[in-house]
Amino acid sequence: MKRLFIPLTLALIASPALATPKDALVYQIASATASVEPVQAVVTYDVLPVQQMFEGLYLDNFGKYEPLLATSSTLSKDGKTTTFNLRKNVKFHDGSTMNCADAEYSMRRTLLVGSETSLASQIRANMLNISGFTPEVKKTYTFAKLSSMVKCNAAGQLVLTLDRNVPSLLDSIAQIYIVPMKALVAGGDWSGTAKDFDAFIGKDVANSTLAQKPIGTGAYQFVARDPSRFVLKGFDGYWGGAPALKNVILQKVDSDTARVLALQKGDADIALIPDRDTLAKLKGVPSVKVYEDLPTQNLTSVLLFNQSIKDDKLLPAGQLAENNIPANFFSDIHVRKAFAAMFDTKTFVKDGLQGFGLARNTSLPTNNWADDKTLKPPAYNLKTAEAEMKLAFGGKLWATGFTVPLSTFGGSGLSVVVAGIFKQNIEALNPKFHASVSTLELSAANASLLGGKLAFSALTWGGADPDTNLRGLFSATGILAPATNIKDPKMEQMMDTARDTVGQNARKPLYKTLMTYLNAQTYAVPLPQPLVFAATVSSLKGYENFNKTNLFKVLSK
Amino acid sequence: MLSFVLRRLLALPLILLAVTFLIVLVMQLIPVEQRAVAYTTDLAQLGRIQEIIKTNHLDGSVFEQYWRWLGQALGGNLGYSRTSGQPVLQTLLARFPATLELALFTLVPLISLSVWMGSKAAVRRGRTADAVIRVIAVVAYSTPSFVLGVWLLVIFYGALNLLPGTGNLSNDSAIYFLTGEIKRVTGLTTIDALLAGRLDVFWDAIKHLIMPVFTLMVVGSAGLIKGTRTSMLEALNSDYIRTARAKGIAEGVVIRKHARRNALLTIITLAGLSVSGLLQGAVIAETLFGYPGVGAWAAQAAALGDLPGVLGFALLAATVVVLMNLAIDLAYTVIDPRVRYA
């Protein structure tokens with residue numbers, strides 16, 4: 001309803017735009033920054049200020065890892081030990097100089113504190129294979145273990161020694177932010193010793209001293225905040241040179257209309273635009289620059305089939321009926337192939353993404369180094385779908401028919417488009433084929449997904465390394481295992497081999513083989529990747545680069 | 001009288017217990033996994049649902065969960081709000097002054113204008129003024145506040161550029177508070193700006209108040225206008241008014257001293273309810289105009305399943321309602337000497 005007013009707003013605007021100062025950036029967002037504790041922050045508008053104030057040893061520059069507070073690193077032959085050479089003359093916002101002890105403390109702290117929903121928890125899962133600090137884990141996770149894992153050597157290098165080769169290590173390293181040890185300890189944080197190790201293990205530090213008064217090495221330093229603003233200023237002592245925009249205000253504005261108005265009037269330099277319809281209306285407004293097709297980073301959208309649906313209303317495995325499906329419906333490869341062939345990607349891009357979707361070849365993000373544009377995923381073809389359906393369940397499915405439950409998620413237009421495409425094509429294929437569509441509220445949908453109750457689900461997944469992505473999606477040990485129930489030892493073996501091989505060049509062909517196999521098994525259908533849209537004032541430069549790095553320091557006017 | 005006030009104040013904790021327990025109870029209708037999902041922010045965290053359930057004790061009985069929260073609350077810890085990234089108490093303290101300021105600036109014009117319009121309509125019953133006021137009340141009653149708010153934004157901010165868009169201060173003025181150049185003394189932006197001698201900031205704050213105040217006034221006025229009109233009509237048709245008129249007392253005096261005073265009991269009840277209603281209205285007005293009060297925070301907390309945040313807001317809202325009702329009861333004794341509380 002509110003969005004109906006936006007076109008009217010655009011029509012009514014007549015007054016000239018009054019720009020924000022040339023050295024300032026006002027970025028209007030839809031939800032406020034909560035905690036900027038770097039080990040906790042995972043939500044977009046918590047992460048955004050964190051990335052401006054804090055830096056890691058490496059930077060994820062759109063899938064390419066570049067040294068940041070490290071100048072280089074070396075990896076041992078077995079892939080277990082990484083040695084980082086640290087950048088010299090790096091200052092913290094409090095004026096102190098970064099040294100190896102700070103890097104050591106920061107890495108140890110990240111591997112120690114943070115609740116189960118924190119960034120630190122994700123980092124621990126990736127680096128240490130710890131899914132949580134259970135009593136069993138706590139028994140062996142000691143200060144001695146942590147300090148032998150992360151330590152400075154006599155040459156002032158930081159040495160990280162893990163139990164195994166972690167292919168996505170740099171992804172985690174890029175998210176371990178370096179903080180000043182002395183300031184934190186003085187503020188009552190972990191002492192960095194065994195003394196209070198137990199008190200800080202897995203501790204939720206969202207309200208830490210660091211969250212209240214952030215001190216990092218980033219191009220921007222914290223000034224102040226109130227319930228709707230987070231204010232930063234350029235750090236004069238920044239090792240990479242002071243940023244062009246001296247002052248930044250992240251301002252929470254709930255109303256879509258108000259944000260769009262502010263952008264047009266020059267009260268905001270960047271404003272979160274609610275949808276492409278609004279974006280289209282902004283095209284041609286002289287003071288506004290519109291971006292329609294920016295790339296996404298480390299994100300992949302897939303349609304996953306559940307091979308063992310945990311829903312009592314379904315038929316037992318192997319039984320068929322026109323008004324239902326068996327719990328193991330998607331364990332039959334012909335059913336999966338038929339469904340993949342029924343998914344009309346062109347309609348999905350047109351109706352769901354308003355024409356702005358990137359074709360996909362694999363289930364990996366399009367910016368991932370292992371993505372391979374030569375691979376051919378299942379394609380839309382109703383004749384193939386018919387042929388596969390006739391083979392399914394030994395040919396019985398075509399004669400018996402089925403009714404498949406399709407779920408749409410409240411608030412997600414894409415899930416409605418997906419369900420619509422399937423319903424239309426399923427029912428056109430055979431009069432005994434049916435689809436029943438129901439709507440689930442989003443948290444209920446996520447709980448159902450986790451409980452393995454959904455027949456199949458379209459979701460967005462992320463991760464910088466191919467192992468993180470593919471294991472999460474397909475492995476029996478992955479997070480989404482309850483939602484897919486894939487049991488494929490051959491695939492697991494291929495996945496483990498690709499993970500344990502050291503070096504991108506050696507791993508790349510292994511992933512090509514793995515993804516060829518995945519496409520053939522049709523455990524999932526890669527969905528066209530939605531492109532990012534945005535709008536800024538026309539005087540703002542560098543937004544394309546900002547979209548890739550998330551760093552305000554690349555922006556100027 | 002004192003014992004009446006004490007009794008009412010003693011009932012406050014019981015009401016707060018009932019309200020908060022009901023909220024926790026209603027939350028149990030949602031399956032535990034679904035409640036735990038509300039703690040997550042991306043799919044990768046779904047793998048930690050069991051941990052989330054254990055850490056937050058979501059699998060305990062409703063009594064266990066309530067007792068745990070109550071134990072904390074009695075110790076002065078209302079929990080941590082994921083929505084604000086701060087402890088609930090700190091969030092309430094930081095945001096309540098903005099809501100209070102909004103309410104204070106709304107109340108005076110809301111009550112005085114509504115009572116005046118309701119009285120005018122009753123006195124001019126059946127005439128043009130009555131018809132116009134009744135139409136205004138109906139329009140105010142039937143206009144959704146978010147529609148009105150968006151229209152105000154579009155016209156006065158977007159097209160005419162007369163008023164600022166959102167928030168309680170422009171960024172330039174806000175910096176004075178954020179950097180401590182203007183001290184937070186009362187928490188009320190307008191008053192603190194005046195105390196600092198900053199008329200420019202005061203005026204900026206006033207301009208930011210106009211649209212949300214007007215929206216809240218429109219939302220709250222309809223019931224009060226209609227209630228005042230009905231109550232006044234009843235009073236104007238009573239025997240003592242006829243007697244007063246027969247005695248030759250001037251019509252203005254009859255209306256002010258006799259009719260309106262007798263109608264005040266109903267008017268005060270309605271005005272009190274309007275104050276309580278302002279908290280609900282603030283949820284919409286603050287969200288729409290980006291006003292940094294408790295209403296906008298509560299709306300977000302409810303949407304994100306931030307239970308400590310919702311409970312904190314419920315405590316505040318229930319306290320305001322109870323205290324408002326007490327104030328109304330006490331006002332009765334001032335207006336009508338026949339009313340006595342033992």
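Glycine is treated like the rest: Cβ placed from N, Cα and C.
Just so you know, TrEMBL annotations are computer predictions that nobody has curated.
Annotation comment: TrEMBL describes B:96-332 as domain 'ABC transmembrane type-1'. Per TrEMBL, transmembrane segment is recorded for B:9-30, B:102-123, B:135-160, B:205-225, B:264-291, B:311-335.
Long-range contacts of the transmembrane segment (B:135-160) within the same chain, counting only residues at least 6 positions beyond its ends with a Cβ under 8 Å from a Cβ of the stretch, are 117, 210-212, 214-216, 218-219, 221-223, 225-226, 229, 281, 284-285, 288-289. Across B:102-123, B:205-225, B:264-291, B:311-335, the stretch most heavily in contact with the transmembrane segment (B:9-30), judged by Cβ pairs under 8 Å, is B:311-335. Same-chain neighbours of the transmembrane segment (B:205-225): 101-102, 105-106, 109-111, 113-115, 117-118, 121, 133, 136-138, 140-141, 143, 145, 148-149, 152-153, 156-157, 163-164, 167-170, 173, 189-190, 193, 267, 270-271, 273-274, 277-278, 281-282, 284-286, 288-289, 291, counting only residues six or more beyond its ends whose CB sits under 8 Å from a CB of the stretch. Counting same-chain residues at least six beyond the ends of the transmembrane segment (B:102-123), those with a Cβ under 8 angstroms from any Cβ of the stretch are 129-130, 133-134, 136-137, 188, 190, 209, 212-213, 216-217, 220-221, 224-233, 236, 255, 260, 263, 267, 271, 274-275, 278-279, 282, 285-286, 291, 293. Listed by sequence, the residues of this chain that lie at least six past the ends of the transmembrane segment (B:264-291) yet keep a Cβ under 8 A from its Cβ atoms are 98-99, 102-103, 106-107, 110-111, 114-115, 118, 145-146, 149-150, 153, 165-168, 208, 211-212, 215-216, 219-220, 223-224, 227-228, 230-231, 298-299, 316-317, 320-321, 324-325, 327-328, 331-332, 335-336.
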